[in-house]
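Record features, source TrEMBL:
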type	residues	note
BINDING	Gly45, Pro46, Gln47, Ser48, Ser49, Gly50, Lys51, Ser52	GTP binding site
COMPBIAS	776-808	compositional bias 'Polar residues'
COMPBIAS	823-832	compositional bias 'Polar residues'
DOMAIN	35-249	domain 'GB1/RHD3-type G'
REGION	761-832	region 'Disordered'
TOPO_DOM	1-680	topological domain 'Cytoplasmic'
TOPO_DOM	726-832	topological domain 'Cytoplasmic'
TRANSMEM	679-698	transmembrane segment
TRANSMEM	705-723	transmembrane segment
Amino acid sequence: MEEDCCATQLIYGDGEFNSSGLDRFVKEVKLAECGLSYAVVAIMGPQSSGKSTLLNHLFHTKFREMDAYSGRSQTTKGIWIAKCVGIEPCTIAMDLEGTDGRERGEDDTTFEKQSALFALAVSDIVLINMWCHDIGREQAANKPLLKTVFQVMMRLFSPRKTTLLFVIRDKTKTPFEYLEPVLREDIQKIWDGVPKPQAHKSTPFSDFFSVEVVALSSYEEEEKFKEEVAQLRQRFFHSISPGGLAGDRRGVVPATGFSFSAQQIWKVIKENKDLDLPAHKVMVATVRCEEIANQKSNQLVYDEDWLALKEAVQTGPVQGFGIRLSSILGTYLSEYDMEAVYFDEGVRNAKRQLLESKALDFVYPAYTTMLGHLRSKALEDFKVRLEQSLNKGGEFASSVRTSSQSSMLEFDKGCADAAIQQADWDGSRVREKLKRDIDAHASSVRSAKLSELKINYEKQLSASLTGPVEALLETGGKDTWTSIRKLLNHETEVAVSEFSAAVAGFELDKDTSTKMNQNLRDYARNVVEKKAQEEAGNIMIHMKDRFSTVFNYDSDSMPRVWTEKEDIRSITKDARSASLKLLSVMAAIRMESKPDNIEKLLFSSLMDGTVTVSSSQDRRVAASTYPLASSTWEEVSSKDTLITPVQCKSLWRQFKAETEYSVTQAISAQEAHKQSNNWWPPLWTILVMIVLGFNEIILLITNPLYLVVLFVAFLISTALWVQMGIARVFQHGIQLSGILSIVSRFLPTVMDLLRKLAEKSQGNPAPEAPRRPVSVASQSHRNETPLPNTVSCSIPESTVSSNMSSSDGGVEYSSPPLRQRRPTNVQEVEPS
């Protein structure tokens, strides 16, 4: 499928720009995808000189051509563009309206100049179509037009390298080598005669234009013409590559911005008044000075140095920012002065002030960004310096002063470097904000460091107090709280002394230092109080552990063997006294060395005396006379009370109920020990049995058969005795549960013995099954003591079993320690 050139009218004959048509053209030819890899070729020359025909043959476009048989007249109106078919990279052809046309007349040459200037500004290659026989003529060779275009272009646009390709049509017999030097000489003369700005006084023509000359045969010689055009077409392939027709072009607009760039260029050309000078001097000055000022302002916006500086300052502080920005602003202000020097002085100065004010407003955000970076950098440097100083062991206050002074000095130097000559901007507000930020960070670090020190010393106090206090409370001795007070005072003074030395470098005021030391002392006391409260919450466990230790172990920490020699009553009293002593120690916090009667009151009420209340009236009387019928202790404040008197009474009831079983088990074990040592009947009973059974004994001796039967019966009975573990079942005496167990297992045991005998008689003994241990009846049927409902807490019932040990003298019994219980939360209740 043949590629479409998409010919579109870009500018109408009346000068109106077809922006929608250009956007549609860019979309159809996919120009936006080309990036910088595209070229623009324009052609200009006299009317009816074959420009459109040349473009159509050269680029396979479809521009409208003149019909020679219909007469010579204007064919192309305005400016048309089309895509060059088959040319790589993408090349845009621009067909301009011919000059010297009779349709516009001799006086209306404005559009011709504007279109020529537009072509030079937009195109990379400009084809200047001219007849061979017109070389050397002033008007036919477009010399005046080129002169005007050269002059205005340097003032209106940034200089760019454009290739001027002069196409000599209908070449004659005059050798091409003679025509080309003449044409180049004419072009150089035009350039030398054009007035130039001061900056380009000595700039050679080759810095702006590259000149190429080519000659083509007459179109009447069709074959030769097409052959020469085909050769010329090859030169447009890769024209923007190095060595190509436009290989040294500059200032290329990206393809995505081509449409906008063309519109803006045409707009500036249309609005340029230099080509039609107004009569009024002031009006000229006003318009031109404003245009020049806007031009310089716009150039500042897109200035490469400014853009680079702006981009650099977005990422961080820029060294020499003020000097570079002052230089950029000074350059554009100087250019304004040079270009507006011949205009009215008043208008010129007023517009200069506006330009300077606008430029300063434009660059001020970059200046504030620079100050922001300086502030951030100074703040970060302060943080780094402070951290490094503290890591090296420096004192906090002196480190803050040194780091702050260094950072502020660095910021002041940066502000001086960022100042510009054209403005007197003040950075005091940013400096004040930096000072506030430094103070805030220093305060934050100080708080963090003090908090860290406080936490460390609190952990030190907690570690040095928790364990010893717990051990002292569990001991429950007479001097427990005295030892705790000594421990607290010693550890607190050590911690406070070390803490005061550690915070000396912070230079805290006296009130703050005193307050922090007092907080540390309060924390130490709070640790002791919390530990005491925690242990008081587990008082029932500690009491039962103390009871178990004293009750089940002797003075050598050996388990007690409940023989006849042990005085269970005395041991029980000692164990309960030890537990009650522990209760009295944990009943209240004694951080002051004030005497109290808690221990004496508990012993007199719970160990020595008993109170019996039978009626509700008696209970009311007892509430006022009974020492434990109260929620507070005498001489002990409520905040120091851990266990109230009422709770102590309830705990003691619960304690006695839960330890009663251990005492009962000890008594049972002692009785069982007595029975195990008296297995044989008394001697007189044996003598009576011999006397009364004398005849039976003689009968057994004289009749061996009876003796054999008796022996077999003895063997069977012995086997049943061992197999059923009767001795273990009745080790605590004959009980109904033991008898029921023996009866239920008698028949299975007999069957098992008979099966084993049958297997042995057949010579195929079966492997012996593992024997299941026999549970003692007293272990499976225990009487649990109900707990009194006086303390609102949940404590599991204690189950204690007796352990049996063998010795040479028989079976001995000992009681194991009580089972550990969960912490009990004691609550105050009214006495019942």
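Backbone N, Cα and C define each Cβ position, glycine as well.
Sitting within 8 Å of the Cβ centre of Gly45, Pro46, Gln47, Ser48, Ser49, Gly50, Lys51, Ser52, and not among those site residues for GTP, are the Cβ atoms of Gly98, Asn129.
Mean pLDDT for the domain 'GB1/RHD3-type G' (35-249) in the predicted structure: 79. Each of the binding-site residues Gly45, Pro46, Gly50 was scored by other CB atoms within 10 A of its CB, and the lowest score goes to Pro46. Sequence-distant neighbours of Lys51 (GTP binding site) (same chain, 6+ residues apart, CB-CB distance under 8 A): Ile43, Met44, Gly45, Thr76, Asp95, Leu96, Gly98, Leu127, Asn129.
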